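The annotation Fe cation binding site is assigned in TrEMBL to Glu18, Glu51, His54, Glu95, Gln128.
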Amino acid sequence: MIIDAKMEKALNGQIRAELESAYLYLSMASWFDANDLPGCAHWMKKQAAEEQEHAMKIYEYVVARGGHVILEAIAAPRNEWKNATEIFQQTLEHEQKVTALIYELVEKAMEMKDYATRGMLSWFVQEQVEEEEHAMEILAKFKKLGEIPISLAMLDKELGDRS
Ligand code: FEO
């Protein structure tokens with residue numbers, strides 16, 4: 001069944017949101033690179049790459065349903081932060097916003113009886129649990145250890161190990 005125009009528009013909006021996430025995380029990576037935290041920069045680059053994969057998952061789904069992917073404008077992301085803790089606080093809040101967007105899409109799919117889209121979104125519902133969990137864990141470590149040189153060096157090394 002060809003995708004409904006309203007759902008196509010909503011999914012195009014989510015493609016934008018995922019690419020906007022990639023842009024934000026790449027900006028955070030750039031801040032870490034500029035502030036001598038290469039491990040944190042590595043983690044954020046991986047995160048940005050994952051967001052692009054999320055966008056492409058939806059892109060391919062829209063195409064598979066006979067829809068047309070229309071790319072929307074993305075605003076310039078924030079580029080200054082006080083410290084790493086503030087960055088991971090924003091990361092968590094950003095992921096919570098994305099989770100809310102995914103839930104809205106799920107509700108829309110249910111209202112429209114678009115079971116294929118509902119099924120496709122299940123992966124995203126689970127992915128958001130992990131995304132929030134990872135951001136919470138990292139934020140908790142930064143808060144617990146504080147941003148003194150020795151703990152920053154330790155956390156930077158740990159985040160640099162993300163595969
Ligand atoms: Fe694609 Fe981090 O949500």
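A Cβ is built for glycine as well, from the same backbone N, Cα and C atoms used for every other residue.
This view paints the features noted in TrEMBL onto the structure.
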residue : record                 : Cβ neighbours (10 Å)
Glu18   : Fe cation binding site : 23
Glu51   : Fe cation binding site : 22
His54   : Fe cation binding site : 23
Glu95   : Fe cation binding site : 22
Gln128  : Fe cation binding site : 19
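Apart from Glu18, Glu51, His54, Glu95, Gln128, the residues listed for Fe cation, the same chain places the Cβ atoms of Ala17, Ser21, Glu50, Val98, Phe124, Glu127, Glu131 within 8 Å of the centroid of those Cβ atoms.
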